[in-house]
Amino acid sequence: MAGVLSRDAPDIESILALNPRIQAHATLRSTMAKKLDKKHWKRNTDKNCFICEKLENNFDDIKHTTLGERGALREAVRCLKCADAPCQKSCPTSLDIKSFITSIANKNYYGAAKLIFSDNPLGLTCGMVCPTSDLCVGGCNLHATEEGPINIGGLQQFATEVFKAMNIPQIRSPLLPPPEHMPEAYSAKIALFGAGPASISCASFLARLGYSDITIFEKQEYVGGLSTSEIPQFRLPYDVVNFEIELMKDLGVKIICGKSISTDEMTLSTLKENGYKAAFIGIGLPEPKKDHIFQGLTQVQGFYTSKDFLPLVAKGSKPGMCACHSPLPSVRGAVIVLGAGDTAFDCATSALRCGARRVFIVFRKGFANIRAVPEEMELAKEEKCEFLPFLSPRKVIVKDGKIVGMQFVRTEQDETGNWVEDEEQIVRLKADVVISPFGSVLDDPKVIEALSPIKFNRWGLPEVNPETMQTSEPWVFAGGDVVGMANTTVESVNDGKQASWYIHEYIQAQYGALVPSQPTLPLFYTPVDLVDISVEMAGLRFPNPFGLASATPATSTPMIRRAFEAGWGFALTKTFSLDKDIVTNVSPRIIRGTTSGPLYGPGQSSFLNIELISEKTAAYWCHSVTELKADFPDNILIASIMCSYNKNDWMELSKMAEASGADALELNLSCPHGMGERGMGLACGQDPELVRNICRWVRQSVRVPFFAKLTPNVTDIVSIARAAKEGGADGVTATNTVSGLMGLKADGSPWPSVGSGKRTTYGGVSGTTIRPIALRAVTAIARALPGFPILATGGIDSAESGLQFLHSGASVLQVCSAIQNQDFTVIEDYCTGLKALLYLKSIEELSDWDGQSPPTMSHQKGKPVPHIAELMGQKLPSFGPYLERRKKILAASKIRENDQNRACSPLQRKHFNSQKPIPAIKDVIGKSLQYLGTFGELNIMEQVVALIDEEMCINCGKCYMTCNDSGYQAIQFDPETHLPTVSDTCTGCTLCLSVCPIMDCIRMVSRATPYEPKRGLPLAVKPVC
């Protein structure tokens, strides 16, 4: 019987058929068979594939940069968050890229969006369409590494899209007086012409400055400028443009459509007569450039300029853009697109979606001279557009009133670098449609006359000061395409940003007021920023719950000063002693942990240190505390002190610290290395009696609150906390570092190793690795000693992890390792993150969110995937022949949809308002304690099983393997489709979910049938002894 029991049953053997096995010999399979195998499992496009994927009517996102939450978190963690970051210097709007990526890595998507919109009111648009390879990404320091630069655009898009889903309005800066109390200058009438990126940016910043009478006049019946009319839906959806315009309108900016600057409507002169104090011209370049060879050609014949074609595509593909139905332009057969700029590639890929059978991109120079960014070119290449370089157009061939082809001549570059055209080399191409994206101009005489008397330059564009965006008329400013300096959306946004400050300066001067010489544009604000995160503990009011632990970030008091200036709510000094116990440290003494694996740089999950307490004198610390309290009376400063088990020493040092003006004291009874050998730190903190007595001595000596810092290196931390309370402590810090040995090299020597003898000692492990230990300690103390203040420390590296400790019963949060990974500026992320987490709890519509994470949609590569099973009743993976079938099914579905999704009604944005009170910090302290108990209190009747989303599954089989070799063999793995299927033998252990590489691909759902454990043998069978 024992042999039968210890061998897998036949049905289990069948399940294990694809489970990894150790290879005993080389594998042999024919080349022909391997070629077939390759095709079956291929996920990327076959290099020999010449079949164009059917894209008609398919305006789904095609950007390579798009990220889901999983991808965004991985990419954000990979970022180095560099000092003086080159990426920021390369961003036209000077986004604080390092900081917003820090926020994404910490799952503070609101904080990231706030940083982005603070410098760029069109942050989501730019995240989608910015040519980042030529801007921020081009300066990324990770270009110098094997893994390459960060996908900054994708991260920017992700964070701002999550914020968009929160439906939170923009508000005026809380630093401004109420509108009715603003000076008269802020009621000045300001007009902006053109509702494109430059004007939206300019108006947004002016409104943030406090101006209340801002009007944008837009010629079209839709808003957004080229973002709406010429950037395709698959790159920039209209609801994104509308969202950013609604954010601007939240501040009171008005938009009047159907009204333009022209001698027929409004001129600068009439504007001034009507009381406008300043104007901004952001009308773009409305008219297309046309080569003489296209004169007389019409759309009926098959000729379009990009200014004709792209708006038609937009109207037919962007729901909510127009109040009327507009079909897509019918583009059939072969299409020639002239030029190799970004607009040309937009035309080419749009033509495929309008029914083109083949698209030829024809351009004068070679591939090395293509003006478009690599991202755009790559998309066109992937969609099988054909590239024809070194051709210059000569004439269009028309037959029976229709275009049938074009004639070109070859171009060459001579030895001097000049491009010449060889009229003897003639090339003719058949075509049904020709699209000419040859650029744009401003040549409407009515518009030019309406702009009088401003001066124009030799290119026929308004002449502006490049620093102020001011025209020759001091009250008129201009930016965007109409000025000719901005070549991208983000540069147009920056033109508007620049102009806003100097419009402000000009208006204020008209009212006799001065502005700072250094521009100080207000940040982006929402109701989230009004959330109060102050907290009271032991009679002390903390402006926010985040502070410096008594560790490396508090090595000196100038460092504490910088931390307070950055926004930290409190700080502990580095632990100091009486002069008779002064120490000298060894080196090396602080190292990265092995727990992060081969991850180098920031984001280390642990550090180990063998550093002792401060090398500085008690006098230094006491004098410095006095200075800091004088300059930062609202910040809490706690003096951390340490002595041996000596009553007089504790009384002397505690009185000295109190006299310095410290708000409170921390008694370090827990340093796990070095100090214990001196009868200090751990030597005092592991014995309840010693802890109780030390606390009594200090209580007799001082009136200020004091907290005992506990060590996790004990059997029962609650008994130590109880002893501290009995001794008169006002609370405890839980916990200090965990004693450990981080690693040994291949020669057996430790790291860190000190001196030529390569000696070491057990050190203190810190960081997120010890968070489970710290959470356990905090919850255990909070449950045993209700209401007893706890200062948490141990793996706090974000607002999300900080909230976990608050829920566990802590009142304030000490940070060290996270600062070692980064710098003091992480406090901004922690504060905005905590405010957002509290605010979102008040919104009923977001009740299914996990913190700042929205529910995960079924997706691949961050883009929604159709449920093929719903379209055809069959599950198909996304590789090989199944992927091709999926594409064909999707293409047929898109053609069937045709006009179904072309909504006519304008988009309406609904704000989510707080229906419930926004919790204060005190309201969330200890919230999780109700869920903690003994194992015997857990419900064995309510069981769960795993449910796999086949559309998200990437078919790696990790769930299958862990279930086989560490679980219950409850997952089958199809040998052809590699789709895993969970059987009814699933016990709900959750290992599969734990190792799945795709976030939320596996969910644990309630078991529909009673759980009956497999006992191996019936309970009545007696064991063999």
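Placed from the backbone N, Cα and C atoms, the Cβ positions cover glycine too.
Residues or ranges marked as domain '4Fe-4S ferredoxin-type 1' by Swiss-Prot: 69-100. When Cβ-Cβ distances below 8 Å are used as the criterion, the domain '4Fe-4S ferredoxin-type 1' (69-100) is approached by residues 107, 111-113, 115-116, 118-120, 123, 126, 135-142, 147, 150-152, 154-156, 158-159, 488, 490-491, 493-494, 497, 601-603, 822-823, 825, 828-829, 853, 856, 861-862, 998-999 of the same chain, each at least six residues removed from its ends.
What Swiss-Prot records for Cys91, Cys130, Cys136, Gln156 is [4Fe-4S] cluster 2 binding site, and it gives similarity to another entry as the kind of evidence. Cys130 ([4Fe-4S] cluster 2 binding site) falls within neither a helix nor a strand when secondary structure is assigned with DSSP, and so counts as coil. If you draw a 10 Å sphere around the CB of Cys130 ([4Fe-4S] cluster 2 binding site), it holds 30 other CB atoms from the protein chains shown.
Residues annotated as FAD binding site in Swiss-Prot: Val129, 194-198, 218-226, Arg235, 480-489. Taken residue by residue with DSSP, Pro197 (FAD binding site) is part of a helix.
According to Swiss-Prot, the feature NADP(+) binding site maps to 340-343, 364-365, Arg371, 437-439, 481-487. For the recorded site, Ala486 (NADP(+) binding site), the DSSP three-state label reads coil. Counting every protein chain shown, the Cβ of Ala486 (NADP(+) binding site) has 21 other Cβ atoms within 10 Å.
Here the Cβ of Lys384 (N6-acetyllysine) has 16 other Cβ atoms within 10 Å, regardless of which shown protein chain they belong to. If you look up Swiss-Prot, you'll see Lys384 marked as N6-acetyllysine.
The Cβ of Thr575 (FMN binding site) lies under 8 Å from the Cβ of Ser550, Ile613, Ser614, Ser640, Ile641, Met642, Glu666, Asn668, Cys671, each on the same chain and at least six residues away in sequence. What Swiss-Prot records for Ser550, Lys574, Thr575, Lys709, Gly767, Thr793, Gly794, Gly795, Cys816, Ser817 is FMN binding site.
Annotation comment: Swiss-Prot describes Cys671 as active site, proton acceptor, evidence class similarity to another entry. Every protein chain shown contributes to the tally, and the Cβ of Cys671 (active site, proton acceptor) ends up with 26 other Cβ atoms within 10 Å.
The phosphoserine annotation in Swiss-Prot covers Ser905.
Reduced to three states, the DSSP call for Cys956 ([4Fe-4S] cluster 3 binding site) is coil. Proximity of Cys956 ([4Fe-4S] cluster 3 binding site) to non-local residues of its own chain (separation of 6 or more, Cβ distance below 8 Å) is seen for Pro997, given in sequence order. The annotation [4Fe-4S] cluster 3 binding site is assigned in Swiss-Prot to Cys953, Cys956, Cys959, Cys963.
Residues or ranges marked as domain '4Fe-4S ferredoxin-type 3' by Swiss-Prot: 978-1007. Residues 68-70, 856, 875, 877, 942-950, 952-960, 962-963, 966-972, 1013-1014 of the same chain sit 6 or more residues outside the domain '4Fe-4S ferredoxin-type 3' (978-1007) yet have a Cβ under 8 Å from a Cβ within it.
Secondary structure of the domain '4Fe-4S ferredoxin-type 1' (69-100) per DSSP, as helix, strand and coil residue counts: 18 helix, 0 strand, 14 coil. Averaged across the domain '4Fe-4S ferredoxin-type 3' (978-1007), pLDDT for the predicted model comes to 97. Surrounding the centroid of the Cβ atoms of Cys91, Cys130, Cys136, Gln156, where the record places [4Fe-4S] cluster 2, the chain contributes additional residues within 8 Å, namely Cys87, Thr93, Leu95, Ile97, Cys126, Gly127, Thr132, Leu135, Val137, Ile152, Gly153, Val490. Sorting the binding-site residues Pro197, Gly224, Gly480, Gly484, Gly767 by the number of other Cβ atoms within 10 Å puts Pro197 first. Other C-beta atoms found within 10 angstroms of the C-beta of Val129 (FAD binding site) number 28, with every protein chain shown included. Note on proximity: of the recorded positions Cys136, Lys384, Val483, the one nearest Gly767 (FMN binding site) is Cys136, by Cα distance. According to DSSP, the secondary structure content of the domain '4Fe-4S ferredoxin-type 3' (978-1007) in residues is 5 helix, 8 strand, 17 coil. Each of Ile948, Asn955, Gly957, Lys958, Tyr960, Met961, Ile971, Phe973, Pro980, Cys992, Val995, Cys996, Ile1002 belongs to the same chain as Cys953, Cys956, Cys959, Cys963, is absent from that list, and has a C-beta within 8 angstroms of the C-beta centroid marking the [4Fe-4S] cluster 3 site. Ranking the binding-site residues Gln220, Ser550 by other CB atoms within 10 A of the CB puts Gln220 at the bottom. Comparing Cα positions, Gln220 (FAD binding site) lies closest to Gln156 out of the binding-site residues Cys136, Gln156, Cys816.
When the binding-site residues Gly224, Val483, Thr488, Gly794, Cys959 are compared by Cα distance to Cys136 ([4Fe-4S] cluster 2 binding site), the shortest distance belongs to Thr488.
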